[in-house]
Amino acid sequence: MGQVSLYVESLGEGPDLVLLHGWAMHSGMWGSTRRSLAQHFRLHLVDLPGHGFSRGALPYKRGEKNGVSEDMVERVVEVLPPDCVICGWSLGGQLAIELALREPARVEKIILTSTTPSFVKREDWQWGMEELTLKAFAENLRRDFSTTMKRFLTLQVSGGGDAGKVLPEMRRLLFERSAPEPEALEAGLQIVLANDLRGKLRNIVQPTLLIHGENDVIAHPEAAAWMKQQFQDVELAMLPNCSHVPFLSYPDKFIANIVRFAR
């Protein structure tokens, strides 16, 4: 029996722009920005393996030490259009970094939204979360997905001036599709825990745009400032009073930055 392909929704006309969502999410989370971006680009919204409408697209290998799971990278490469721009949110941004390194002839530019080279705090990296906190979260996720995900969404909007508006929208969008496969959640967690991409950023030759909320509590804004010093060709758009989901909090600014950079 053949391997199930990833689900990709394509819409709009123009340069190819690929959107990659974060851990435990799906491509529907981009919300109304999908239609807005489709006015400027040929948009490709990917559901990562085991997520959203790609629930059957398994197996899913464990995260490699110091790198995104090769399996995840390979699965996205299969659906990647030539000469594209990749916009990755959170963990999807780490995947965009790996794709830019692996497919330099196909990836023209990358946009890293609310991304960090390491989500985990390390001895020489203070702008991450405690490993025990992430492991406890994963255990709670296994026990009660719905309740734990609602808490995770609350964390994502924390620090934003419009959390009261964005949180209900995120909840509505998340539960429009089925929960991710447990195997995909576990593999994603292993990637989050293992990934440390700091040493790879200087090897990125593509122009890079960083879009970050200055009050992000998941991907610390200091991580974005640090990344700005590492890339060869980079811009940083730091959005004030913004959390981990700038595309829902400030869609107009988010879209304007992408159109200016990627068109």
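Note: Cβ is positioned from N, Cα and C throughout, glycine not excepted.
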Listed in Swiss-Prot for the substrate site shared with Ser90, Leu91, Phe152, Leu153, Thr154, Leu155, Gln156, His244, one of Trp23, Trp30: Trp23
Protein Cβ atoms within 10 Å of His244 (substrate binding site), excluding its own: 26
All-chain count of other Cβ atoms within 10 Å of Asp216 (active site): 27
Considering Cα atoms only, can you say which of Trp23, Ser90, Leu153, Leu155, His244 is the nearest neighbour of Asp216 (active site) among these recorded positions? His244
Rank aside, I only need the closest one: which of the binding-site residues Leu153, Leu155, His244 has its C-alpha nearest to that of Ser90 (active site, nucleophile)? His244
